[in-house]
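Encoded as C-alpha cells, the structure appears first; notes follow it.
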Amino acid sequence: MASVLEKVLRVGEGRTLRKLQNYAKAVNQLEEDFTHLTDEELKNETVELRERHANGESLDDLLPEAFAAVREASRRTLGLRHFDVQIMGGAALHLGNIAEMKTGEGKTLVATLPAYLNAIASRGVHVITVNDYLASYQSELMGRVFRALGMTTGVILAGQTPQQRREQYAADITYGTNNEFGFDYLRDNMAWQASDMVQRGHFFAVVDEVDSILIDEARTPLIISGPSAGDANRWFTEFATVAKRLVPEVDYEVDEKKRTVGVLEAGIEKVEDHLGIDNLYESANTPLISFLNNSIKAKALFKKDKDYVVMNGEVLIVDEHTGRILMGRRYNEGIHQAIEAKEGVAVKAENQTLATVTLQNYFRLYKKLSGMTGTAETEAAEFMSTYKLGVVPIPTNRPMQRKDQSDLIYKNEKAKFEQVVEDIAERHAAGQPVLVGTTSVEKSEYLSKLLAKKGVRHEVLNAKNHAREAAIVAQAGRLGSVTVATNMAGRGTDIMLGGNAEFLAVAAMNARGLSPVETPEQYETEWDDVFADVKAEVDEEAAKVIEAGGLYVLGTERHESRRIDNQLRGRSGRQGDPGESRFYLSLTDDLMRLFNNGAAASLMGRDSVPDDVAIESKVVSRAIRSAQGQVEARNAEIRKNVLKYDDVLNRQREAIYGDRRHILEGDDLQERSQRFLEAVIDDVLDSHIGEGNGDDWDFDALWTELKTLYPISITIDEVITEAGSKGRVNRDFVRREILSDAKLAYSKREEQLGGAAMRELERRVVLSVIDRRWREHLYEMDYLKDGIGLRAMAQRDPLVEYQREGFALFQQMMGAIREETVGFLFNLEVEVQAPADAESVGPRIQAKGLAANQATADKLRYTAPTDDGGVEVRNQRGQIEKAATAKAQKDQQAEDAVLVGEDEPETPQGPPARGAFGQPTGASSSAPQNREERRKADRRK
C-alpha cells in the first residue's frame with residue numbers, strides 16, 4: 001500500500017501530464033512547417049531563437065519551436081523521429097523534473113530536446129552519463145543532431161588537459177560523467193590563475209540514470225587528495241598477521257547485517273601479547289584500535305571473488321550493483337589497505353584530503369537540474385527532499401507486453417542453479433534469447449561452468465571482461481543468444497530484438513575509419529546506406545525472435561534494492577516487444593539469509609519439500625519486499641546523514657570558494673589587506689592587554705609578537721612618552737598608535753615594490769594561505785567527524801556538536817589566514833621582475849618561501865564515489881593510480897614544506913634560513929605557526 005508521503009507526492013500528477021500533452025500537441029502542429037525547411041534554414045532557426053531569447057522571450061515560450069527543430073534535425077541525421085511521449089519527457093526535463101521512462105523508450109534521444117532548448121541561452125548545458133564510454137558515444141551520435149542545428153557539442157573524458165577541457169566546456173552542450181564534472185569543479189577552486197579554470201558555471205544539467213548517480217553513488221564524496229606521511233603501512237601488515245590468529249566468536253564477533261565487528265576480551269589479550277603492550281586502550285595506543293578493527297573487517301566481512309578480486313598483485317573492488325571491476329577504486333577509511341595486507345600484496349599509502357564535495361551538494365549548484373531513469377518512483381521522496389526534484393512518470397509509446405512471472409523458491413543454491421540451467425537450455429533450444437542476471441562474479445562463473453557442461457553457448461558479462469560489455473549487450477537480443485551478466489544497472493545500451501542496429505551501424509562506420517567529428521561530410525553521406533543495410537538484417541532476425549517469445553530475463557537472486565531488480569526486468573519488453581521475466585531464489589541467498597529468513601524457512605520445512613521442487617508463495621514475496629525495504633531504508637538514512645554533515649562543511653566551502661573566485665576574477669585585495677591588518681592587531685592586543693591601563697601590561701611580550709608580524713618602527717618608550725606616563729596608556733591609545741605604524745609600514749612596502757607588484761603579491765599570498773589552511777581544516781573536520789559519534793554517550797546530539805565545533809574550527813582557520821597573510825606580506829623576500837613579454841599584464845614577482853599550489857598537481861589523486869563505499873583513484877592525467885610509494889611520499893612532504901613557507905634544506909653556501917613568514921632570521925626554518933600554535937608549543941615546553 002502506498003505511504004501517505006507517496007500519495008502526497010503523486011498529487012497533481014494528472015495535471016502535470018496534461019500540461020506535457022499540450023506541449024506535445026503544440027510541437028506536432030509545427031512539424032509540417034519544419035519539414036519544408038532547407039538544411040540551412042533549419043540551422044538558422046537557432047540564430048533566430050537566440051535573438052528572440054535575448055529580446056526577452058522565455059525558454060518556456062520558445063519550447064514548441066525548439067522541440068520541433070530538434071525533432072526534424074534528428075529525423076534527417078539519425079532517421080529517428082521523436083514520439084509524442086518523448087516530447088513529453090523532454091518537456092518534463094526542461095521544467096526541472098525527473099522523467100521516469102521505461103527501458104527502451106529512447107531516453108538518450110529525449111535528452112536532446114531540453115539540452116538544445118536550454119543551450120539557446122548560451123550558458124552551457126551539461127548532460128551527465130554513468131561512464132566515459134556512454135559520454136563519448138552519446139556526444140558523437142547526438143552531436144550530429146546538434147550540428148545540424150548549428151550548435152557545438154563537447155565531451156569531458158579522463159586524461160584530457162585543462163586546455164582541452166576548457167574547449168569542451170565552451171561548447172553549447174557538454175557530455176561527461178558526474179565524476180569528471182565534479183572534479184573539474186574542485187580543481188577550478190584550487191586554481192592559481194583565472195585562466196586555469198575550465199568550467200563556465202552551472203546553468204542546466206540533464207542526469208541520465210539519475211537514480212544511480214544521485215542515489216546509489218551519493219553516500220561517498222568526491223575527493224581530491226595527496227599522499228600523506230607516516231608508517232601506517234607497517235601497522236596494516238602487522239595487524240593482518242594478528243587477525244589470522246583470532247578466532248570468530250571467541251576473540252571477536254561479527255554482525256553481517258550492520259557490517260560491524262567487535263573485539264572480545266580474549267582477542268584483546270592476544271593482540272596485547274603479540275604487540276608486547278600492557279593496555280591496547282590507553283591513550284598512546286588509541287590509533288592502533290582502528291588498525292585492529294579494519295583487519296578483522298577485512299578478514300570477516302570482505303570476501304575474495306565476491307566483494308573484490310586480486311589481479312596482477314592488486315586488490316580490485318567488484319561493484320555490488322553492476323558486477324564490474326572498479327578499476328582504480330579503493331575502499332576508504334583504511335579498509336582497502338587492510339584487505340591488501342590480508343592478501344599479501346603491496347599496501348598503498350592513505351591520502352590526505354585537499355578538496356572534497358558530495359554529489360548532493362555538487363548537483364545543488366545547478367540553477368536547474370533534471371534527470372531520467374526507468375526506476376525513480378521508489379525513491380521519489382528522497383529526490384524531492386534532497387534535490388527538490390519531482391518524479392513524473394511518462395507513458396510508454398506502446399503498451400507493455402512483458403509477462404512478469406512469480407518467483408520460484410528452492411531450499412538451496414545447488415538445486416536452484418540446476419533448475420536455472422534446465423530453463424535456459426530449453427529456451428535456448430527454441431531460439432529465444434535469454435539474459436541471466438547474477439549478483440556476483442563468483443556466481444556468474446559458476447553458472448557459466450554449468451552451462452558449458454550442458455553444452456549451451458553463451459557470453460559472460462562480468463567484472464572480469466567488461467571491456468566488451470557494450471558490444472555484448474547490444475547483441476543480447478539476437479536469436480538463441482544467452483548472456484550471463486553480473487548486473488544490468490547502468491549499462492546504458494539497449495537490448496533490441498534481433499540486435500541493436502544503431503550500435504552495429506556505428507561499429508561499421510568506425511571500421512571504415514569514419515568519424516562524425518573528424519570526417520563529418522563523408523560520415524553523413526555513407527551513414528544512410530550503412531544503417532539501411534544493417535537495419536534490414538536486424539529486422540529479419542527480430543521477426544524470428546518475436547515468434548520465439550522475445551527476450552527472456554532470468555534473475556538468479558533478488559538484489560537488496562528493488563530498483564536494481566526492476567532495471568533487470570526492464571531489459572525485456574522494450575517498445576511494446578513481447579518478453580518474459582522470472583526470478584529464481586533459494587533460502588541461502590544473501591538477502592533471504594540476512595533478513596526475514598524465518599518465515600520462508602518455516603513455510604518450506606527442512607524435510608517435507610524435496611530439493612528440486614520450487615514453491616510460489618505470497619509469504620516469501622512479502623518477506624523479500626520487507627527485507628528490501630529494510631536495506632533501502634538503511635541506505636537512505638546513511639545518505640541523509642552524509643548530507644546533514646556535509647551541509648555543515650558546504651557552508652564553509654561556499655565561503656572559501658567564493659573568496660577564491662573573487663580573488664581570481666581580479667578583486668582589489670588592498671582593502672582586504674587593510675582589514676586583515678586591523679583584525680590581526682586587535683587579536684594581538686586582546687591576547688596581551690586588558691581594558692585597564694598600562695601599569696600591569698607586559699609590553700615586551702606584546703612588542704615581541706608584533707615584530708613577527710610586521711617591521712614595527714615605534715618603541716615602547718615612544719608610546720609611553722606620547723601618552724605622558726605608563727598609567728595613562730589605555731587600549732584605544734595603543735591600538736591607534738600601532739595601527740598607524742602598521743599602515744605606514746604597509747605604505748612603505750607598497751612604495752618599495754610598486755603598486756602592481758604589491759597587488760600580485762597580495763593575490764598570491766592570500767591564495768596560498770587560504771589553500772593550505774583550508775586543506776588543514778578539512779583534515780581537522782574529518783578528524784572531528786570520525787569521533788563525533790562518541791558525543792552521544794554524553795547525551796549530546798552528535799550533529800549539533802559537529803555544527804558547533806566545526807564553526808569554532810572555521811573561526812580559528814579564518815584567524816590563522818588573516819595572521820599568516822599579514823606576516824607573509826611584510827616579511828617575504830620579493831624580487832620584482834619585468835613582464836615576460838609585451839602581452840603580459842603587470843610585473844612578475846618571485847617570492848622566496850612561497851610557492852603556487854600547482855607544485856603538487858602531478859601528485860594529486862582523484863577519488864570518486866561508488867555505492868558500496870569504494871573510491872576511484874586516478875592521477876592528474878586521468879590514469880589509474882598504481883601505488884603511493886615511499887618516494888612519492890617523500891616528494892610530497894618536500895613540496896608541502898615549500899607550500900607552508902619552508903625552504904629546501906640548506907647547504908653551507910645556500911641562502912639564510914627563513915622564519916615563519918619567509919623572512920631571513922638566521923634561525924632554522926620551521927612551519928608557519930599562528931599565535932595559537934605558538935602558545936600551545938610554549939605550554940608543552
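A Cβ is built for glycine as well, from the same backbone N, Cα and C atoms used for every other residue.
The model shown is predicted, which means the values in this text are computed figures rather than measured ones.
Sequence annotations record features per position, and here Swiss-Prot assigns ATP binding site to Q86, G104, E105, G106, K107, T108, D494 based on sequence analysis. In the three-state DSSP scheme, G106 (ATP binding site) falls into the coil class.
Annotation source Swiss-Prot lists compositional bias 'Basic and acidic residues' at 930-941.
Among the features that Swiss-Prot reports, region 'Disordered' is placed at 880-941.
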| said: So if I draw a 10 Å sphere around the Cβ of T108 (ATP binding site), how many other Cβ atoms end up inside it? | reply: 20
| remark: In this structure, the one of the binding-site residues Q86, G104, E105 whose CB has the fewest other CB atoms within 10 Å is G104
| task | Write out the long-range same-chain contacts of G106 (ATP binding site), meaning residues 6 or more apart in sequence whose Cβ is under 8 Å from its Cβ. | result | L80, H82, F83, Q86
| request: Can you see whether DSSP assigns Q86 (ATP binding site) to helix, strand or coil? | output: helix
| remark: Out of the binding-site residues K107, D494, the residue with the smallest number of other Cβ atoms within 10 Å is D494
| Secondary structure at D494 (ATP binding site) (DSSP, helix/strand/coil)? | coil
| With a radius of 8 angstroms around the mean position of the C-beta atoms of Q86, G104, E105, G106, K107, T108, D494, what other residues of the same chain does the ATP site pick up? | M101, T103, L109, V110
